[in-house]
Amino acid sequence: YKLSVSPEMDIMEYCRKEWRGNTPAAKRMRKGYEAVAQKFASIRRIRGDNYCAFRATLFQALSQATQLPRWLQSEDFTMLPENLLSKYDWIKQWQLRQKPGKRMGEIRDEIKEYLILLRQKWKYISEIKGSLEKQEACDKLFKNEEEEYSLYEALKFLMLNTAIELYNADKSGKRVPVFSWLLFARDTSSNPCQLMHNHLNHIGHSGGLEQVEMFLLAYALQYTIQVYRLYKYSTDEFITLYPNDPEEDWPVVTLITEDDRHYNIPVRMCQETML
């Protein structure tokens, strides 16, 4: 059994273990980790199984949550599957985890369950006052494989919903963020239906999130995802924000990547950073 989120470890100790050589790449990684260590004391490794971007983002969001986000509070939040399936017949081909070929009613009900679970867990964890207890509740949640993967299905569906909203807004002449053009400029995702078939259905199975989909995840959650991209150390892209022009009231979560494929999380902000 693999842990979804490993216990914390000193960031520089981790770096020394992983990057011993004297190659230019190893030197750059060490410099990158040193820069992260100015802000964070520890790192937690995230299990790598094509869900790691979801896992890292959601774990960070929940472990610092103090309230339920507005979009999770709305009355019609759990009606999303019903509303979307009534308008877009092609969503019937949504690929549920390990359950291909489900019927429309089953897909609708199952996704609704996932969304309810996401709201319940977020509410429960955000109401825990003590930081140690909150951390323990997150650790426990991410040890429950059934629940954990159900939450990722909910996130994927929220991404689809956000993509449909952006696509429709663009088509009706409204302003949309730049990433939305890039998302639908790909040959494989020129509309939300293709995005679902060629990308969202494969996340967690045969691939993880691509760069442009990190923007979509950030928009779906209304969170700014700040990523230390270690292989980009000493360039403008070393610290990348998704989205790059975030709303001011969006909370921020921080991740670390060495290659834009696998993500880990930094924890324990250094005292001087917090002040």
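A Cβ is built for glycine as well, from the same backbone N, Cα and C atoms used for every other residue.
Taking the Cβ of D49 (active site) as centre and 10 Å as the limit, one finds 14 other Cβ atoms among all the protein chains shown. Among the features that TrEMBL reports, active site is placed at D49 (among others).
According to TrEMBL, the active site, nucleophile annotation covers C52. Counting every protein chain shown, 23 other Cβ atoms lie within 10 Å of the Cβ of C52 (active site, nucleophile).
Taking a C-beta cut-off of under 8 Å and a sequence gap of six or more, H262 (active site) has these contacts in its own chain: I46, G48, C52, G208. Annotation source TrEMBL lists active site at H262 (among others).
Around E237 (site 'Linear diubiquitin binding'), the C-beta neighbours below 8 angstroms that are at least 6 residues distant in the chain are R229. What TrEMBL records for E237 is site 'Linear diubiquitin binding'.
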